[in-house]
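Q: My questions will all concern the structure given below.
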Amino acid sequence: MFKFNDEKGQLKCSFCGKTQDQVRKLVAGPGVYICDECIELCTEIVEEELGNEEEFEFKDVPKPLEIREILDEYVIGQDEAKKSLAVAVYNHYKRINSGSKIDDVELSKSNILMIGPTGSGKTLLAQTLARILNVPFAIADATSLTEAGYVGEDVENILLKLIQAADYDVERAEKGIIYIDEIDKIARKSENPSITRDVSGEGVQQALLKILEGTIASVPPQGGRKHPHQEFIQIDTTNILFICGGAFDGIEPIIKRRLGKKVIGFGAEMNQTDVDEKNLLSKVLPEDLLKFGLIPEFIGRLPVITTLEPLDEQALIDILTKPKNAIVKQYQKMLELDGVELEFEEAALREIAKKAIERKTGARGLRSIIEGIMLDVMFELPSREDVQKCIITLDTVRGTKPPTLIRHDGTVIELERKTSA
């Protein structure tokens, strides 16, 4: 039992144990004492908790137009996708503010499915939305998930990532955003229900249904598999926004067949070459996703479907140079800190974009290409005080010549050529 005084008979704080001589004030209660320092600490904790609650009431959710304007600062192109996402996100958090029901009208969740090729900006759009709204954000890879009881991750581990992103504040996590990538990889192998167990396909879709719709999920705090003798974190997924993304390679022929089979007369079919193949993805319908291998219930949990276009050469050049976090701007800023001006020639940027298209990596491949080009520059220039300007040329990108370096007096020098052993 805690003693309220020490050997000398002095009163002590019941919380920190300091005597009345060690603190400025000791407040007495029924059989308990608390010092001014503990009162101050408790006040700070309570204010912090209340502050978090106010922050997550979402009274000032940005309007769809404002959301798209901020997305424009970080993501190039994809205007239709931005518009769809802005409206869906605005409606989702408006629904949270209203308490899901308005005059007996129940507002359903607006989870989102993004379809687009690798490197088209799906993950970046989801990350930027979370940053705009200042909510916890987690990314999960659908390919690592398996049905409960099999080797792999349980779907509840997705929720654990969100809880960790919210510093284990479950209330904050319950209003966060989860992006599930590679969702097309959990399509079942055929359109027909499988007799055999499909633990990483249809089984995962079934497991995801409840958390997408809204349920009280039990999450193991350390991750991994559940077992009966461990504690769980309870989290309500009703107000978590789920954004699923995937390339859906192979869905174009399904869309093309549907569009080409418009019956004329007594069952004659249109020539399938009449179908415009350029923007097939934008014409996707739930029935195409069903044929691809998503189960009807899973498609129903993702009411907002938006598509992203493949990035062309000019879009990739814009991605390199225009956004706030453009990689060229980042390298220019880093070299500026060393007193060096960095310049990319237009032809060099165009060649970098062409390489990314050839590799079929989209915007994702731009960073690795630039980092390969800039490695020697970033290694050597900080040690050279005679360089004022560094120019990346077409030949630099092609690997035939090193970057052009210019001294403070205007004379041109070159980095030493590397010779292979």
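Placement of Cβ uses the backbone N, Cα and C atoms for every residue, glycine included.
Per Swiss-Prot, the features are:
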- 1-54: domain 'ClpX-type ZB' (DOMAIN)
- CYS13, CYS16, CYS35, CYS38: Zn(2+) binding site (BINDING)
- PRO117, THR118, GLY119, SER120, GLY121, LYS122, THR123, LEU124: ATP binding site (BINDING)
Q: Counting across all protein chains shown, how many other Cβ atoms sit within 10 Å of the Cβ of CYS38 (Zn(2+) binding site)?
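A: Looking across every protein chain shown, the total is 18.
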Q: Could you give the Cα-Cα distance between SER120 (ATP binding site) and CYS38 (Zn(2+) binding site), in whole Å?
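A: If we compare the Cα positions of SER120 (ATP binding site) and CYS38 (Zn(2+) binding site), the gap is 53 Å.
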Q: If you take the centroid of the Cβ atoms of CYS13, CYS16, CYS35, CYS38, the listed Zn(2+) site, which other residues of that chain have their Cβ within 8 Å of it?
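A: Near the Zn(2+) site, the remaining chain residues are SER14, PHE15, GLY17, LYS18, VAL23, LEU26, TYR33, ILE34, ASP36, GLU37, ILE39.
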Q: Determine which residues of this chain, when PRO117, THR118, GLY119, SER120, GLY121, LYS122, THR123, LEU124 are set aside, have a Cβ within 8 Å of the centroid of the ATP site's Cβ atoms, and list them as they appear in the sequence.
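A: Leaving out the recorded residues gives GLY116, GLY245, LEU308, GLY362, ALA363, ARG364.
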Q: Spatially, and counting Cα to Cα, which of the binding-site residues is closest to CYS13 (Zn(2+) binding site)? Options: PRO117, GLY121, LEU124.
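A: Its closest listed neighbour, by Cα, is LEU124.
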Q: Which of the three DSSP-derived classes (helix, strand, coil) applies to CYS35 (Zn(2+) binding site)?
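A: The three-state answer is strand.
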Q: Restricting to the domain 'ClpX-type ZB' (1-54), what is the model's mean pLDDT?
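A: 78, rounded to a whole number.
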Q: What is the interatomic distance between the Cα atoms of PRO117 (ATP binding site) and CYS35 (Zn(2+) binding site), given in whole Å?
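A: One finds 62 Å between the Cα atoms of these residues.
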Q: Counting across all protein chains shown, how many other Cβ atoms sit within 10 Å of the Cβ of PRO117 (ATP binding site)?
A: 19
Q: Just jot down the residues in the same chain as CYS16 (Zn(2+) binding site), at least 6 apart in sequence, with C-beta under 8 A of its C-beta; none if empty.
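A: Counting only residues 6 or more apart in sequence, the Cβ neighbours of CYS16 (Zn(2+) binding site) under 8 Å are CYS35, GLU37, CYS38.
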Q: Determine the Cβ neighbour count for CYS13 (Zn(2+) binding site): the number of other Cβ atoms within 10 Å of its Cβ.
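A: Taking every protein chain into account, the count is 22.
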